[in-house]
Amino acid sequence: MNTFPLFFKLEDRKVLIVGGGDVALRKADLLSRAGACITVLAPSINHEIQALLSSSKHELIYEHYNKTYMTNSRVIIAATDDERLNHQIHADATALNIPVNVVDTPHLCDFIFPAIVDRNPIVIGISSNGKAPVLARLLRARLETLIPQGYGKLAKLAGEFRGDVKAKIPTLTGRRQFWERAFEGKVSQLMFAGNENEALAQLQADLDNTAASITAKDATDDNGLSTASTSAPAIANEFTAARNTMGEVYIVGAGPGDPELLTFKALRLMQQADIVYYDALVSPQVLDLCRRDADKVFVGKKRRNHAVAQLGINELLVNSAKEGRRVVRLKGGDPFIFGRGGEEIESLRAHNIPYQVVPGITAANAAASYAGIPLTHRDHSQSVRFVTGFLKAGAPNNNFKNFLDTDETVVFYMGLHSLPRLTEGLIDAGRSAETPIAIVSNASMPNQQVLTGTLASIVELQEKNQLPTPALLIMGDVVSLHHDLAWYNLHNQQHNQNTSETDNNWLRGGTATTPKSNAQFNAHQQAHALSMITNLATEDGDLEQLIIG
C-alpha cells in the first residue's frame with residue numbers, strides 16, 4: 001500500500017482552493033458536500049463556482065495567489081493551469097505543514113481524491129494512487145450498481161439504535177449477531193423497499209425480542225474485564241425465530257431479454273432470492289444473474305402449452321413465502337403489462353403475504369427503441385395503444401374499430417400467429433391497406449429481426465421470411481421512420497446497391513423490408529440472410545389492452 005486511506009472531518013473547517021475554473025469547480029463540489037468552509041482564490045472565478053458557493057460560509061477572493069491566504073487552512077488544493085504556480089503553492093503549503101493536493105500531479109500531492117461511492121454515512125473511496133484515475137472511476141461505477149441507496153438510511157437507523165443495542169445486549173458477540181440479522185433480514189428489506197417507518201418498528205421489535213431471550217451472566221477475567229456472555233441456546237433460538245418468519249415475494253420485470261436493461265433494484269432482489277419462478281420469455285442471460293444457489297423453477301407459458309397454470313403459480317408463490325423464503329417471480333417485460341402480475345399480487349394479498357413489484361422495460365418499448373421506431377412523434381403519432389391479440393380464455397381480440405385513428409400507434413402483443421386475421425380485420429374495419437406495420441422479433445437481443453411492410457403486404461412478407469416468436473407488431477405512420485432511424489446491429493448489415501431490382505423483399509442487418517431501388521439483395525444474399533432465422537418458442541397471453549397518451 002503506497003498510501004493509507006483516511007477520512008478527513010472537514011465540516012466547518014477551512015479549505016483553500018487556488019484556481020477558479022472547471023477543475024476547481026469539481027473539487028469545490030466534492031468538498032462542499034463534506035460541509036467544508038471553502039475559500040476560492042483566483043483573479044477570475046467562473047459562474048458555476050459562484051452559484052455553488054453562494055452561502056455565507058464560503059468565501060470568493062478575486063485576487064492573484066498569495067501564501068498569506070493559507071492561514072488556518074485545513075487542506076489546500078492547487079487547481080490552476082500554471083505549472084510554476086502549482087509548484088509554488090506546493091512548496092508554501094509544505095513549509096506550513098498543511099496537506100496539499102496539486103490536481104493531476106501525483107508526485108506533488110500529500111493526499112489524493114479517491115473515486116467516491118456516497119451512501120452517507122456509508123462512504124467508499126477507491127484510489128489508484130494517481131496511476132489510473134479513469135480505472136478508479138470505472139470501479140466506482142461498478143460499485144454504484146451493486147450498492148443500493150438504502151444502505152445509507154440503514155446505517156443512519158443503526159446509529160440511532162446503537163446505544164440501546166449496547167445497553168440491552170451485553171456481549172460483543174451477541175451485538176454482532178443481532179446486527180448481522182438486521183442487516184441481512186427483514187429490517188434491510190423494508191428499508192430498501194422505502195418503508196422506513198416499518199423498518200424502524202421491525203428493528204425495535206427485533207431488539208426487544210432479543211433482549212427478552214438473552215440470559216446474561218456476569219464474569220470477570222484476570223484483568224477485571226467483563227466477559228458476560230449470551231447463552232448458546234438463546235442465540236440459537238433467535239436464529240431459528242429469524243429463519244421462521246414470513247418470507248416475501250418480489251414480482252420482478254426482467255425486461256425484453258438484454259440483461260443490461262434490468263433495473264438496479266431488479267438485480268439486487270434477484271441476487272438475494274432463495275427461489276426463482278421464471279417465465280418462458282426470461283432470457284438465459286437474465287436468469288444467469290440470479291443468485292447462484294437459488295432454486296430456479298420454470299413456470300412459463302407457451303401458446304397452447306402452459307407448464308404451470310396461473311392458479312398453480314399463485315399457489316407456489318404463497319407456499320414458498322409461508323416457508324420463510326425470499327421469492328422472486330421473474331417475468332419477461334413488465335409485470336403489469338400483459339404479464340398477469342396483478343393476478344399474482346391479488347393472491348398474495350389474500351394470504352397476507354408481503355410483496356414488492358419491480359417494473360421492467362416492456363416489449364413494446366424495447367422493440368420500438370431497438371428498431372428505430374418511435375412510438376410517439378409530433379409529426380406522426382400523438383398517442384400509443386398496447387393491445388393483446390387474444391383475450392381471456394384464448395378468444396381472439398376482434399375490436400378492430402378501436403384501432404382506426406391514424407394519429408395513434410398501435411402495438412399488438414401476441415399477434416404474430418393471428419397476423420392474417422388482424423390485418424384483414426383492420427382493413428375491413430376501415431384502416432387503409434397502405435398503413436405501415438412492422439414485426440419485431442427477439443427485441444433487444446443479438447438475433448433481433450425487423451420486418452416492415454403494409455397491412456396489405458405484411459402477411460406475404462412474413463410467410464416468406466418466417467420471423468420467429470417472441471415478436472410483436474407495431475402499426476402506424478411511425479413505422480415509416482424505421483428505415484432512417486434503425487441503429488441496432490447495423491454492423492451486421494449486408495447492403496448491395498449494384499444488384500438489379502427484384503420483386504422480392506430483402507433482409508438487411510436483421511431487418512427485412514420491402515425493396516428499395518437503391519438497396520437490393522440479390523437472390524444469393526437473400527437466401528443466405530434468411531437462413532440465419534431460427535424458430536423460437538412462442539408466447540401467449542390473455543389480457544385486453546392498455547391505452548397511453
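Backbone N, Cα and C define each Cβ position, glycine as well.
Taking all protein chains in view, 22 other C-beta atoms sit within 10 angstroms of the C-beta of Asp279 (active site, proton acceptor). Annotated active site, proton acceptor per Swiss-Prot: Asp279, in sequence order, evidence recorded as sequence analysis.
Residues or ranges marked as active site, proton donor in Swiss-Prot: Lys301. When Cβ atoms from all protein chains are considered, those within 10 Å of Lys301 (active site, proton donor) total 22, not counting its own.
Here Swiss-Prot flags Asp22, Val23, Pro43, Ser44 as NAD(+) binding site, drawing on sequence analysis. A C-beta separation below 8 Å, combined with a sequence spacing of at least six in one chain, links Asp22 (NAD(+) binding site) to Asn46, Glu48.
Residues annotated as S-adenosyl-L-methionine binding site in Swiss-Prot, with sequence analysis given as evidence: Pro256, Gly332, Gly333, Asp334, Ile337, Thr362, Ala363, Met414, Ala443. Summarising the environment of Gly333 (S-adenosyl-L-methionine binding site), the number of other Cβ atoms within 10 Å of its Cβ, over all protein chains shown, is 29.
In the shown protein chains, 16 other C-beta atoms lie within 10 A of the C-beta of Ser128 (phosphoserine). Summarising the annotation, Swiss-Prot assigns phosphoserine to Ser128 and lists sequence analysis as the type of evidence.
Annotated region 'Precorrin-2 dehydrogenase /sirohydrochlorin ferrochelatase' per Swiss-Prot: 1-203, in sequence order, evidence recorded as sequence analysis.
Taken from Swiss-Prot, the feature region 'Uroporphyrinogen-III C-methyltransferase' covers 247-549, and the record attributes it to sequence analysis.
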Cβ-based neighbourhood (8 Å from the centroid) of the NAD(+) site, residues Asp22, Val23, Pro43, Ser44 excluded: Gly19, Gly20, Gly21, Ala24, Ala42, Ile45, Asn46, Ile49, Ala79, Thr80, Asp81
Distance from Ser128 (phosphoserine) back to Pro43 (NAD(+) binding site), taken between C-alpha atoms, in Å: 33
Most crowded position, judged by CB atoms within 10 A, among Val23, Ile337, Ala443 as binding-site residues: Ala443
Additional residues around S-adenosyl-L-methionine, ordered along the sequence, whose Cβ is within 8 Å of the centroid of Pro256, Gly332, Gly333, Asp334, Ile337, Thr362, Ala363, Met414, Ala443: Gly255, Leu281, Phe338, Gly339, Gly360, Ile361, Ala364, Asn365, Ala366, Tyr413, Leu472
Recorded positions near Lys301 (active site, proton donor), in sequence order, restricted to Ser44, Ser128, Pro256, Asp279, Ala363, Ala443 and a 10 Å Cα cut-off: Asp279
Distance from Asp279 (active site, proton acceptor) back to Gly333 (S-adenosyl-L-methionine binding site), taken between C-alpha atoms, in Å: 10
Cβ-based isolation winner (fewest other Cβ atoms within 10 Å) among the binding-site residues Pro43, Pro256: Pro43
Closest of Val23, Ser44, Ser128, Asp279 to Ala443 (S-adenosyl-L-methionine binding site), Cα positions, recorded positions only: Asp279
